Amino acid sequence: MVIESEINDKKRGLESSSPTINDPKKVKVESPSSGKEDGEVDEVTSSPASRETSSSKLMSPSKNQSSSSSRSYHDSNNGYRRKDERYSSSRSYDRNYRDRDISRDGDRERDRDRERDRDRDRDRDRDRDRDRDRERDRDRDRDRDRDRDRDRDRDRERERERDRDRNSQERGSRNSHERDYRDNRDYSRDSRDNMDSRDNKNGSRQSINNNTLSYEKQADRKDEVRVKDNISVNDDKTNHGENLTNESITATSTNEPTKPAVIIEEDEETKTKRILEENRLQRQLIMEKYNKEQPQPITSSLSTTEKEQSNTNTNSNSTPVATTTTSILAKSPSNLENQIEEEDESIIIEWRKDQNSENSSAFNDNNNDESCSSEEDLKKRGKIKEEDIKAKDKPITTTTTTTTINNVSIKLPPKPEPIKAKTSAPVFDMFSDSPSDETDESNRDLNETNGGGVMVDANIVVNPSINLSDNWDDADGYYKFRVGEIMDKYQIFSPIGSGVFSTVVSAKETKTNEDVVIKIIRNRPSMHRSGLKEIEILQKISNTPTSSNQKSHCIQMKDHFNYRNHLCIVFEPMSMSLHQLIKKYGKDIGLSLNAVRVYAKQLFLALKHIKNSKILHADIKPDNIVVNEAKNTIKIVDFGSAGEIHESEITPYLVSRFYRAPEIILGHKYDYSIDVWSVGCCLAEFFTGKFLFPGKTNNDMIRLFMEYRGAFSKKMLKKSEFVSNHFNENLVFMKQEIDNIEKTVRKVPHDITKPTKDILQFLLPKNVSIPDQDMKKLIQLKDLIEKCTILDPEKRITPFEALNHEFLKPF
């Protein structure tokens with residue numbers, strides 16, 4: 001617009017400055033005869049007298065033609081001038097536009113250079129932080145190596161002190177042996193000198209007795225030394241035999257040269273008789289004590305049972321507790337301790353982490369350590385009622401009587417007359433409608449099969465005198481089974497345990513004599529439906545094909561049937577759960593690294609098979625993982641909480657709390673990755689014997705998650721339903737604390753952005769050192785656990801990826 005206005009002003013100026021043909025004073029005349037150049041204009045001023053003449057001339061035709069030519073000339077000049085002005089204005093516009101573009105490009109280039117400098121500074125800061133982190137890690141590794149070397153030196157010094165003590169004890173034992181031999185030799189010489197010829201025989205017997213006593217003392221000392229060092233014991237035996245032979249030959253070289261061999265034989269025979277006599281007296285004292293507490297018929301049957309059981313082979317794997325008890329009573333205390341120690345060592349030597357630890361062999365089923373059960377969570381989810389949880393703590397109800405000798409429970413043989421037990425709850429005799437001969441025969445066959453009895457808790461002593469054929473359950477819906485009872489085609493062998501949903505017993509198939517485990521579901525409609533759902537899932541898992549060289553590592557269901565309004569599921573037998581294995585062989589110290597590797601590979605194979613079956617287990621924990629007798633194969637059991645992926649419900653109480661994934665607590669959509677999280681928690685517990693996330697509440701669990709794994713992503717928190725229970729509107733974690741004074745729960749902001757705890761320090765404390773090869777494997781285990789416990793379920797490792805992890809490869 002500015003340019004157009006300038007052009008119009010120029011046009012107006014030109015029009016005002018150009019002469020017109022109507023101007024009477026100025027006339028352009030072209031005179032070719034004059035000396036002026038072409039294009040010059042003469043201005044002629046006419047007088048008033050000549051105006052008339054000129055006006056008359058203008059009226060003539062020739063004058064009109066000259067005026068028209070002059071007008072066309074002026075018009076052409078004006079057109080040229082306008083074109084030039086228009087062209088110059090357009091060129092100036094292009095020049096301005098081009099200058100403006102150049103300035104814009106310069107500004108853009110300057111911004112680009114500024115951004116490049118900013119990126120360069122940012123990269124420099126990042127490199128500086130990375131170098132600082134590397135230096136910090138290097139210092140941490142250096143400190144860890146220094147601590148490891150210090151621990152190794154301390155262990156080496158401890159071993160040297162132990163060797164020093166052992167050598168001093170060996171020297172003391174040798175000196176005591178030599179002193180006893182000298183005293184023995186002098187005493188035997190003096191006794192022979194003072195003996196008369198008629199008391200020769202008595203004197204020889206006395207020397208035999210003296211030598212027997214010294215031999216027993218030496219044998220006892222040798223037993224003590226054997227526990228400390230077997231090699232030194234063998235040397236002591238050799239020296240003792242040489243000294244004894246030389247001294248015997250010296251003492252009797254003049255009279256009886258063959259007597260030393262006779263003395264040794266008589267010593268061994270006397271020692272055997274003494275041990276038998278002590279055992280007989282011990283049994284007699286026990287029987288006298290037992291006779292005071294029990295009626296005479298029970299005593300006679302017990303003694304008969306003991307005589308039968310004393311002839312059985314105690315090394316058999318199927319030997320029940322009663323047989324073991326009588327064999328224990330028939331041994332001396334020192335021999336008993338040695339035998340138990342050797343048997344335990346032969347079983348657990350490959351699975352202990354520390355064979356010299358006293359805690360590794362401590363095991364008590366009644367130990368009330370802190371554990372996590374899903375029963376309270378089932379109550380919160382509405383699956384079970386309050387009285388169902390209380391019913392779990394009640395003892396298993398059977399009609400088997402027991403007695404206790406030296407804190408060992410022994411099943412008594414069946415008696416012709418009913419015996420009243422100490423418990424007040426009356427229980428019927430479910431075999432009362434059968435002939436007594438058949439009942440006695442079945443019990444007799446069971447005793448012969450079981451070796452005379454089974455281990456039964458003393459709390460299950462009941463009164464079998466009640467006869468109610470229409471009532472098979474107790475008040476809580478548990479089936480009141482009886483040892484020896486035949487259910488369908490299976491004969492009950494012994495009780496195993498009871499839970500909220502069922503009672504578990506061991507049994508044998510009557511035709512094939514095959515060992516099985518029967519799960520007897522409680523007589524409740526909801527639990528019956530859960531049992532049917534478990535059967536359906538087990539059938540689906542068993543029908544899913546596996547790889548040719550792999551196993552499913554899931555418990556196999558053999559049969560199922562209904563018996564007296566109870567759904568019964570038959571499984572293959574296994575030894576114990578991994579929870580019991582850790583309590584027995586690795587309490588507070590865990591299992592060996594190789595055992596954890598073997599178990600981890602089998603667990604991921606099981607997860608892979610379960611995922612291929614489109615099933616979520618939703619309750620993986622050491623209690624639901626069983627191991628075989630050889631302790632080299634594990635299987636996942638208890639699919640009562642399992643289901644298909646489309647059946648999953650958003651609830652914060654799914655899975656046992658210590659093994660519960662964060663997406664369950666936050667109310668986020670979950671899938672098969674919750675089982676991977678549970679397996680990661682189990683692996684840490686296998687190696688340490690302790691819980692990785694021992695939270696008391698869901699809020700406490702989230703705090704532990706963030707301390708070990710860092711903060712949650714805001715994207716995940718925004719998609720969760722229960723995020724308001726644990727985070728504020730700014731997505732800051734709110735820690736729940738209990739006010740001890742007001743007894744109220746208050747929420748305190750507890751912002752955690754980075755991990756404050758390390759899983760490697762949880763696996764290996766600072767005061768523990770392991771070999772370098774095991775350290776490499778332990779770092780791989782830590783990496784596998786971290787990938788299994790990633791907070792985001794979409795980034796968590798899958799079972800197939802875990803099977804290719806470095807930790808699962810052999811050493």
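Positions of Cβ are set from backbone N, Cα and C atoms, glycine also.
Feature annotation from Swiss-Prot assigns active site, proton acceptor to Asp619. DSSP gives Asp619 (active site, proton acceptor) a coil state; it is part of no helix or strand. Around the Cβ of Asp619 (active site, proton acceptor), 24 further Cβ atoms fall within 10 Å across all displayed protein chains.
In the shown protein chains, 21 other C-beta atoms lie within 10 A of the C-beta of Ser498 (ATP binding site). Among the features that Swiss-Prot reports, ATP binding site is placed at Ile496, Gly497, Ser498, Gly499, Val500, Phe501, Ser502, Thr503, Val504, Lys519, with the record citing sequence analysis.
Residues or ranges marked as compositional bias 'Low complexity' in Swiss-Prot: 46-71 (among others).
For 81-202 (among others), the entry in Swiss-Prot reads compositional bias 'Basic and acidic residues'.
The compositional bias 'Polar residues' annotation in Swiss-Prot covers 203-215 (among others).
Under the heading compositional bias 'Basic and acidic residues', Swiss-Prot lists 217-240 (among others).
Per Swiss-Prot, the feature compositional bias 'Polar residues' maps to 241-257 (among others).
What Swiss-Prot records for 293-302 (among others) is compositional bias 'Polar residues'.
Under the heading compositional bias 'Low complexity', Swiss-Prot lists 310-327 (among others).
According to Swiss-Prot, the domain 'Protein kinase' annotation covers 490-808.
Taken from Swiss-Prot, the feature region 'Disordered' applies to 1-257 (among others).
Marked as region 'Disordered' by Swiss-Prot: 288-341 (among others).
Annotation source Swiss-Prot lists region 'Disordered' at 353-379 (among others).
Annotation source Swiss-Prot lists region 'Disordered' at 408-452 (among others).
Of the residues the record lists as binding ATP, namely Ile496, Gly497, Ser498, Gly499, Val500, Phe501, Ser502, Thr503, Val504, Lys519, the two whose Cα atoms sit farthest apart are 14 Å from each other. Neighbour counts of Cβ atoms within 10 Å were compared across the binding-site residues Val500, Val504; the minimum falls on Val504. With respect to their backbone Cα atoms, Val500 (ATP binding site) and Asp619 (active site, proton acceptor) stand 14 Å from each other. For the pair Asp619 (active site, proton acceptor) and Val504 (ATP binding site), the Cα-Cα distance reads 18 Å. Under the DSSP three-state reduction, Val500 (ATP binding site) is assigned to coil, being neither helix nor strand. In the structure as shown, the Cβ atom of Ser502 (ATP binding site) sits within 10 Å of 25 other Cβ atoms.
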